[in-house]
Amino acid sequence: MDLALPSTRRSCSCDQKAAKALGIPAGSRLVAGPKKLSLRILQDFSGSNGSLEKSSHPQGVGPQVKDGDRGIQHQHEDVNPGGTKGSKLAALFEHPLYKIPTPEVTDRDKLFVVNPMEKFSLRSSGSDEWVSNSKAKMVLPTGKTAYDTYPAWLKFHVGINRYELYPRQNPLTPALIEDLATLKIVSSVQKSGGTQLKLIMMFPNYGQALFKPMKQTRDQETPVDFFYFSDFERHNAEIAAFHLDRILDFRRIPPVSGRLVNITQEIRDITTDKKLAKTFFISPAGNVCFYGECSYYCSTEHALCGKPDQLEGSMAALLPDKTLAKRRSWRSPWRRSYHKSKKAEWELNPNYCAQVKETPPYNRGHRLLDLIDMTVLDFLMGNMDRHHYETFEKFGNDTFLLHLDNGRGFGTHSHDEMSILAPLQQCCRIKKSTYLRLQLLATEPYRLSDVLREALASDRLAPILAEPHLRALDRRLAKVLAAVGECLAKAGQEQDVVVDDAARPREREKRTPA
């Protein structure tokens with residue numbers, strides 16, 4: 001969590017108070033001020049490569065959907081598994097496979113321990129400034145707790161625990177998504193690092209989001225001659241990845257929403273980033289453009305332009321700042337070579353998984369199974385760019401993997417890249433809970449393309465995915481199940497392939513040191 005203020009804004013004690021709410025001692029270096037908690041050290045979701053045709057729409061108006069497309073978008077939402085009219089997505093989340101309880105969360109399983117006496121609210125003077133009320137004489141409404149005064153982003157942060165990034169059916173998630181799409185933007189600065197431009201936006205309640213601008217239209221596919229490391233980052237892929245991850249019941253991607261941004265009013269006029277400010281210009285067509293400063297794809301040739309100043313993009317909720325909640329980055333064993341001609345070892349050695357299983361942290365616990373979960377997600381999206389992943393350091397090896405940086409998914413719908421499935425095919429292991437949900441999503445009442453289509457229809461930039469990408473999901477899901485089937489045929493016994501993870505939480509509690 002980063003409550004530091006830009007240097008041009010009036011300082012207040014909100015950062016110290018919010019840190020106090022998380023149980024951080026007074027005077028800690030973690031809340032020493034803006035120099036210690038800079039906007040530039042927030043989570044890097046990685047940016048975008050290249051620039052193709054940009055498009056946007058008048059402010060407050062989403063992308064236009066043709067009548068035919070609208071019919072396609074809703075034609076599968078009329079009948080639920082019970083044969084009555086209703087939502088397939090709601091029916092999916094009511095299925096017993098989506099009701100499996102998580103273990104009891106103790107204080108040591110929480111990322112933060114909340115101070116139950118700390119209260120926050122907006123000033124009543126008409127200002128948008130968000131302040132702590134720990135010393136104010138404020139009486140909470142009957143039945144309310146201090147937690148109820150927290151903004152959605154802070155509730156999201158304090159709700160993170162060893163077992164999940166956010167709960168399955170929690171009203172906080174849609175509330176946070178609504179904030180990402182609608183709250184006033186009071187600060188915009190460029191996110192450092194990466195090969196292309198991305199911005200960090202701050203809201204009046206001190207929540208922050210990562211903005212990835214639109215790079216290509218939804219019906220464009222990645223050129224066949226592009227290497228995976230030269231692929232474009234797609235804002236709609238970030239949005240779709242969040243909803244797909246939730247439908248698979250992984251819940252390891254922070255909430256993401258689509259949003260139309262006014263380049264002039266919400267970036268250029270309010271930025272305190274001098275380097276970014278120097279890159280704005282008016283194109284020959286009269287559109288407002290900018291390109292920022294980064295390693296490779298920040299130049300006038302790769303500029304981002306509005307129409308005339310409206311630009312759509314994805315707004316992703318940031319994770320707590322790394323100075324407050326350290327994360328560890330792990331190199332994926334199935335990382336690609338990122339070379340035009342060289343191959344990685346896993347591409348040459350069919351028995352590669354045997355040595356992975358003998359190497360920490362994959363030689364114990366559920367880390368390998370979690371990585372195979374991520375493999376399934378990547379294959380369904382067509383994402384070949386999973387070179388690293390992260391975990392929260394506090395929980396050691398006994399926690400989930402964060403599925404960050406998904407902008408290179410959904411680039412090609414006409415090709416299924418089978419090499420992405422290498423961890424599953426070489427190790428022949430998969431969680432029972434994952435396998436059962438994949439089988440469920442392959443049935444007509446809960447068809448994956450239908451439930452994802454319905455989930456994406458709620459986004460302000462809908463339609464998020466072109467129809468061929470949705471159809472490709474069903475085809476790829478069948479290939480994942482076929483790969484598991486081949487493993488079962490070779491193994492002979494199901495338990496050698498399908499690992500029962502239901503007992504894992506109890507075993508986890510015994511293994512985890514105090």
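Here the Cβ of each residue, glycine as well, is placed from N, Cα and C on the backbone.
What TrEMBL records for Asp385 is active site. The feature ATP binding site is assigned by TrEMBL to Gln196, Lys212, Glu233, Ala316, Ala317, Leu318, Leu319, Glu390, Asp405. Residues or ranges marked as Mn(2+) binding site by TrEMBL: Glu233, Asp405. Feature annotation from TrEMBL assigns compositional bias 'Basic and acidic residues' to 66-79. If you look up TrEMBL, you'll see 280-495 marked as domain 'FAM20 C-terminal'. Per TrEMBL, the feature region 'Disordered' maps to 48-85.
Feature annotations (TrEMBL) mapped to structure.
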| residue | record | Cβ neighbours (10 Å) |
| --- | --- | --- |
| Gln196 | ATP binding site | 25 |
| Glu233 | ATP binding site | 30 |
| Ala317 | ATP binding site | 25 |
| Leu319 | ATP binding site | 24 |
| Asp385 | active site | 21 |
| Asp405 | ATP binding site | 26 |
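A gap of 15 Å separates the Cα atoms of Gln196 (ATP binding site) and the residue listed as 'active site'. In this structure, the CA atom of Asp405 (ATP binding site) is 9 Å away from the CA atom of Asp385 (active site). Ala317 (ATP binding site) sits 21 Å from the residue listed as 'active site', taking the CA atoms of both as reference points. For the residue listed as 'active site' paired with Glu233 (ATP binding site), the C-alpha to C-alpha distance reads 10 Å. Mean model confidence of the domain 'FAM20 C-terminal' (280-495) amounts to 94 (pLDDT, 0 to 100 scale).
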